[in-house]
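Visitor: Per TrEMBL, the features are:
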| type | residues | note |
| --- | --- | --- |
| TRANSMEM | 12-38 | transmembrane segment |
| TRANSMEM | 50-72 | transmembrane segment |
| TRANSMEM | 98-120 | transmembrane segment |
| TRANSMEM | 126-143 | transmembrane segment |
| TRANSMEM | 180-198 | transmembrane segment |
| TRANSMEM | 223-244 | transmembrane segment |
| TRANSMEM | 264-282 | transmembrane segment |
| TRANSMEM | 294-315 | transmembrane segment |
| TRANSMEM | 335-357 | transmembrane segment |
| TRANSMEM | 364-381 | transmembrane segment |
| TRANSMEM | 393-411 | transmembrane segment |
Amino acid sequence: MAEGGIRKRFESLVGAAVVMAVSGFIANVLNLGVTVLIARLLNPDDYGVYSQMIGIFFIVALPGSALSVAVVRRASYYLVREDEQLMARWQRRLNQRLVRWAGGFSFLALIGSFVLSQWLGHRSWLAVWLVVIAAISWALLNVDRGLLQSRQRYSALASNFLLEGVARTLFMVLGSPFGVTGIVTGLLIGISVARWHARRLVGTKETGGGGQVLEHTGVSTDLLFALATLALLATLQFIDVFLVGRYRTDLAGAYSAISQVAKTIVYGAIILGNFLLPETAIAARRGRNAYRQLFISGALLMVPVCILLSASGLASRELLVLVFGERYASDAASMTALIGAMVFLGGSTLLSVYLLGAGRRWPTMWLFVCTVGGTLYLSQARGVVAETVHRDLLLQGVAFFGLLLITLLPAKSRDLAHV
């Protein structure tokens with residue numbers, strides 16, 4: 001009986017992870033497809049502007065990813081206690097506060113967009129503002145996804161990922177005739193559709209005024225550490241792109257092409273993190289580890305890794321020409337090494353999600369050291385693509401093995417969140 005129960009539980013975990021992996025794969029294919037189509041529709045200069053807008057989106061959207069970590073951590077606390085009424089009241093208050101904050105940041109973004117658009121090279125202030133609004137909307141979407149994660153509703157979560165991928169692809173393509181501003185408008189509409197869907201999946205419950213008093217949301221500390229960790233991971237993900245663009249603007253478009261291909265591994269790790277995070281948080285609340293779930297996530301990530309490495313090793317230039325066109329294929333020789341770097345970063349992403357879900361704090365400190373030192377180390381390449389890529393491979397390897405060591409070492413009380 002015990003063996004049968006363990007086997008059934010393992011099969012259930014694999015099934016949940018596969019659901020997330022498949023939905024993430026399809027969403028990534030859609031995102032890559034729209035990126036490729038936009039690259040073909042725009043000239044290299046406009047594609048560079050589009051890449052800047054996407055960079056802004058990822059930076060501003062970071063609090064959304066951090067919010068999902070914090071929400072899962074706090075929701076798992078209520079769920080393990082089986083206190084549905086208190087969780088419903090907390091959920092309602094959290095949403096009210098976040099909507100108010102989103103409105104305030106949207107107004108500030110309107111003012112800041114004029115300054116930022118000029119700093120970026122006289123870009124459209126409207127495009128900058130719209131992409132910031134899209135990122136804020138995506139942050140709110142991640143709160144609802146965090147609530148779905150905490151209840152381990154992986155099929156519902158997967159359907160929301162698929163809807164977002166389809167909606168973003170459709171509306172961004174429809175907006176492409178209007179240039180970069182039209183494309184980011186489509187991005188905003190697609191995310192808005194996904195958030196409407198997520199809100200319907202989560203639902204709301206009426207709660208009475210009595211019961212236990214909510215002293216605090218319990219999100220702030222987890223949010224700060226998650227935000228810092230994810231910001232550092234995002235910097236490690238994009239620092240090479242920024243440095244090549246700064247020192248060698250003539251190579252920025254071609255380098256962005258190999259970067260887009262390689263970074264699909266990281267996006268896959270992020271998707272699998274949506275399975276790993278709640279599993280780890282709930283296990284930690286119950287005094288257990290989630291090594292089995294971490295192993296499953298890592299094994300599934302190796303599928304796209306093997307496919308990309310094989311394709312790059314056999315025909316990297318042909319792959320880039322097929323996907324992006326001849327004008328973006330000049331850095332094909334560096335793609336395999338960059339994929340290797342992103343394999344390490346994908347592993348670092350999974351380990352960071354695991355450690356955040358368990359309430360561990362030291363990973364943030366380690367990533368800070370790697371990011372600061374790595375930025376200085378990569379800067380010495382002065383934008384030379386081959387050297388930048390090989391330095392990035394070494395940097396990502398060091399970051400990964402450090403996180404792996406932290407994961408395997410027993411946690412000390414001062415390294416753990418208290419709530």
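Any Cβ shown, glycine's included, is placed from N, Cα and C.
Whatever TrEMBL says is automated annotation, not expert-curated.
The shown structure was predicted, so the numbers you read here are calculated from the model rather than taken from an experiment.
How buried are these features, and what lies next to them?
Guide: Among residues of the same chain six or more beyond the transmembrane segment (50-72), those with a C-beta under 8 A of the stretch's C-beta atoms are 38, 42, 94, 98, 116, 120, 123, 127-128, 131-132, 134-136, 138-143, 145-147, 149-150, 180, 183-184, 187, 219-220, 222-223, 226-227, 229-231, 234, 238, 241-242, 252, 256, 270, 274, 277-278, 281, 353, 356-357.
Sequence-distant contacts of the transmembrane segment (126-143) (same chain, six or more residues past either end, CB-CB distance under 8 Å): 49, 53-54, 56-61, 63-65, 67-68, 71, 94-95, 98-99, 102, 105-106, 109-110, 112-113, 116-117, 120, 164, 180-181, 184-185, 187-188, 191-192, 194-195, 198.
If you look at the transmembrane segment (180-198), the same-chain residues 6 or more away from its ends with a CB under 8 A from one of its CBs are 38, 42, 46, 49-50, 53, 57, 123-124, 126-127, 130-131, 133-134, 137-138, 140-141, 144-145, 148, 159-160, 163-164, 167-174.
Proximity of distant same-chain residues to the transmembrane segment (223-244), defined by a Cβ-Cβ separation under 8 Å and at least 6 residues beyond the stretch ends, is recorded for 51, 55, 58-59, 62-63, 65-67, 69-70, 251-252, 255-256, 259, 263, 266, 338, 345, 348-349, 352, 356, 361, 363-364, 367-368, 370-371, 374-375, 378-379, 381, 383, 385, 388-389, 392, 395-396, 399, 417.
Among residues of the same chain six or more beyond the transmembrane segment (294-315), those with a C-beta under 8 A of the stretch's C-beta atoms are 13-14, 17-18, 21, 25, 261-262, 264-265, 268-269, 272-273, 275-276, 280, 335-336, 339-340, 343, 346-347, 350-351, 354, 407.
Sequence-distant neighbours of the transmembrane segment (335-357) (same chain, 6+ residues past either end, Cβ-Cβ under 8 Å): 69, 72-73, 222, 225-226, 229-230, 233, 236-237, 240, 258-259, 261-263, 265-266, 268-270, 272-273, 276-281, 284, 290, 294, 297-298, 301, 305, 308-309, 312-313, 316, 319-320, 363, 367, 389-390, 392-393, 395-397, 399-400, 403-404, 406-407.
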Visitor: Using Cβ atoms and a strict cutoff of less than 8 Å, what residues sit near the transmembrane segment (393-411) while being 6 or more residues removed from its termini?
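Guide: For the transmembrane segment (393-411), the sequence-distant neighbours (Cβ-Cβ under 8 Å, at least 6 residues beyond its ends) are 236, 294, 337-338, 340-342, 344-345, 347-348, 351-352, 354-355, 358, 360, 362-363, 366-367, 370, 374, 377-378.
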Visitor: Compare 12-38, 98-120, 364-381 by their Cβ pairs under 8 Å to the transmembrane segment (264-282) and return the stretch that comes out on top.
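Guide: Most Cβ pairs under 8 Å with the transmembrane segment (264-282) come from 12-38.
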